[in-house]
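Enquirer: The structure is given below, and queries will be raised subsequently.
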Amino acid sequence: MTSMTTRVLTGITTSGTPHLGNYVGAIRPAIQASAGADAESFYFLADLHSLIKAQDPARTQRSTLEIAATWLACGLDPDKVWFYRQSDVPETTELMWLLTCVAGKGILNRAHAYKAAVDRNRADGEDEDAGVTAGLFMYPVLMAADILIFNAHQVPVGRDQIQHIEMARDFAQRFNHVYGREFFTLPEAVIDEQVSTLPGLDGRKMSKSYGNTIPLFAPREELRKLVFSILTDSRAPGQAKDTQGSALFQLYQAFATPQESAAFAQAFADGIGWGDAKQQVFERIDQEIAPLRTRYEGLIAEPARIEAILRAGGARLRARYATPLLAELRDAVGLRDLSSQAATAAVHASEKIALPVFKQYRESDGQFYFKLNDGAGALLLQSDGFASPRDAGQVIARLKQAAQASDLQLPGVHAQVDADVVLAAMDALREA
């Protein structure tokens, strides 16, 4: 496997049974993207993350096997990408602790999943941390370690995960600053605005929470029964039917060529009967899924083969990336061979990565302005003009105490980035 310019890391949830919506929206496009020659792709089974919710050991093991078999059956090539199990790279959890020691608790308090749990408890009149594990609270640090252990440049995520990438950047910047070198690349979130979603059996988005899914590898007859159970209206054969909003048409379109979709749309206009339409949808889906199903059944019958693939991927990755980086980081923080005579001189402040900084200045209009830049010079906040430097300074003082997004909403102050990024900068200034 050759080293490439851009490292792209994708985490794979190891819980639940994959359904057609997962395949169309995530698995198929990710595998297609892995074939690109301009990226070094990392795919990992997030089995450690699953322990936050899953406490059935047998189910955890089975789910990991099923998800691994699914991705391999769908075409992921472990000879062309890095495919591994999170728990097979112990350097990840060691890095998590190193990051924990520089991570601000304030930024973790603002993590969406933790805040949502606290808000539910408050609404129910419970202690705000009732039922909240340290695993849930520390989830963003483990996710940061997943990314930073391989210095990934890009992480494809949904919009609900952007905050975690911003946190990973913050932890990386803090570590770089504290230990005086740029050990970590700052990762970027990659948002696919064209993510495909499929309707479920009831017409709503296909989702486990709605109980309306079609399992990806359902046996052929089960697949047929499920497709024929999809809700349709009462229009009879011979009556024109709308493709707009039709779950059947959307399912067909997700598996068909543009020419096939056009022909199916014409059949709708010509009044195809719902039974015939469902038969065509079933046949078109099964045409693509049947060979994948066969491969999946072969793989799931050979768990030792899957285990060997995952272990080999983890071992190669450790040797190539994780072990050398951890050795460097251990030395950086002082976890060293006690017999070593290596120099231990402190890094000069001038060599350290710069902190965020407020800059005040006067413009030609006679007004006093300020802005907040991060350590790399990127603009985070910009003010309007103030009558005096004292007025501007008072606002800066209030901003430095900001602990939540509402604290940033001051007259004459304009955030140029997400509030979480600005709040992380304030945390860094307070802890410096």
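Here the Cβ of each residue, glycine as well, is placed from N, Cα and C on the backbone.
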Enquirer: Under Swiss-Prot, which of the candidate ranges 55-59, 205-209, 360-364, 390-394 is annotated motif ''KMSKS' region'?
Expert: 205-209
Enquirer: Sequence-remote contacts (6 or more beyond its ends) of the motif ''KMSKS' region' (205-209), Cβ cut-off under 8 Å?
Expert: 16, 19-21, 197-199
Enquirer: Would you kindly give the Cα-Cα distance separating ASP146 (L-tryptophan binding site) and MET206 (ATP binding site), rounded to the nearest Å?
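Expert: Cα of MET206 (ATP binding site) to Cα of ASP146 (L-tryptophan binding site) measures 29 Å after rounding.
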Enquirer: Taking the Cβ of SER15 (ATP binding site) as centre, how many other Cβ atoms lie within 10 Å?
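Expert: The answer is 17.
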Enquirer: If I restrict to non-local contacts, at least six residues apart, and a C-beta distance under 8 angstroms, what lies near LEU198 (ATP binding site) in its own chain?
Expert: LEU20, GLY21, VAL24, GLY25, LYS205, MET206, GLN250, LEU251, ALA254
Enquirer: Give me the CA-CA distance between ARG159 (ATP binding site) and ASP146 (L-tryptophan binding site), in Å, as a whole number.
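Expert: Between the alpha carbons of ARG159 (ATP binding site) and ASP146 (L-tryptophan binding site) there are 19 Å.
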Enquirer: Could you put numbers on the helix, strand and coil content of the motif ''HIGH' region' (14-22), residue by residue per DSSP?
Expert: 3 helix, 1 strand, 5 coil
